[in-house]
């Protein structure tokens, strides 16, 4: 029986299974409270560096979650020279150097799809 | 070039998977709970199938499992004559609700304030989760064990299925509004709030009814006895699985069979679309859950589409990891990359 030659969809990896040791629900899993959990090590012992590291990680995570929350929403951007534009937020690239937006309302018309350079953006705001 | 579906197998259960449910879409994505005869329901990340935790506590087969909309609570129905409510973030048991017989089905209201249960004692029970000590309200009327009970019409009504009937009840008055009779055993029921559609499977039939009036909309016949079916959120497709171990995908509008997939090693007991419609999950007698793409070849979750034209960004160095079939990866790498790479470097993920 001749079947057409096809490939199977590639996968990054297989789903992770139970670890066989615990019941799971890792305290540092995806849904851990965003405020950092009180550490076991007393603060005096923990180096300033790792404190800072944790703070940075928390702030970064919060920022990335804010980007996720923005997807598909109407966002108002304040650009240089007092220019304000609004658009529907699509995505950013890995370094958050560009914002991919659609339906960009500009003073000279509506752009269906556009890339906003983050270096051009002073601030942006949206309602979740 | 057509791509073949790569189902993602979620292992971990040791006995048949008899029920599964997705949560709504939360800021953390969506989640999946599976009910298993091994008594240990599991919570998984919905888009990847990654295991998050196992709810430990039941002393018998778990027949039904559900998550509330924001996946903060889970409820399970078991053969140990109890339904349990769990904290789905910590995995802790919050409540044990004693029944007089095997409990088969559980469902939260939209606001998670009430839990509906049903089982072999033929009674529907409504528990106020803010007052767990109080007695539940009971609705009687079924003449055989209740297999599935669901809130509908914004929790103002209740749909319940026993062996041969599907009944609609008014929540406020606790009385029966309408019922449907079947001459074959009803195997499953799904409620779609947008459009108020009820999906019922019995024998080889997959039937669609209005959830408000119970009037029939349409029905399809499958090649084999179907145990469960699910309608896509955008109502373009439906998927169904049953006794022949295969999953069938139909066009909802035309009824045309679009695809069928082999993969499970036992009858399929439950099948559900994810809340975003991008994948569907099936649970089987073979003890596994499998995740299937709605659009085969799309990049989503763990499925990563490799386009032959793209060389730079999507260049796939051969990532080796223990469990995957090396041959499968090799097949794809050679298809796409012969002219692009001089050699395939081994990169440990």
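Heads up, the Cβ atoms here are built off N, Cα and C, so glycines get one too.
Features reported for this protein in TrEMBL:
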- A:1-54: region 'Disordered' (REGION)
- A:1-15: compositional bias 'Low complexity' (COMPBIAS)
- A:1-29: domain 'SUZ-C' (DOMAIN)
- A:45-54: compositional bias 'Basic and acidic residues' (COMPBIAS)
- A:62-128: domain 'Sm' (DOMAIN)
Within the predicted model, mean pLDDT of the domain 'Sm' (A:62-128): 91
Secondary structure tally of the compositional bias 'Basic and acidic residues' (A:45-54) (DSSP, helix then strand then coil): 7 helix, 0 strand, 3 coil
DSSP residue counts for the domain 'Sm' (A:62-128), split into helix, strand and coil: 15 helix, 39 strand, 13 coil
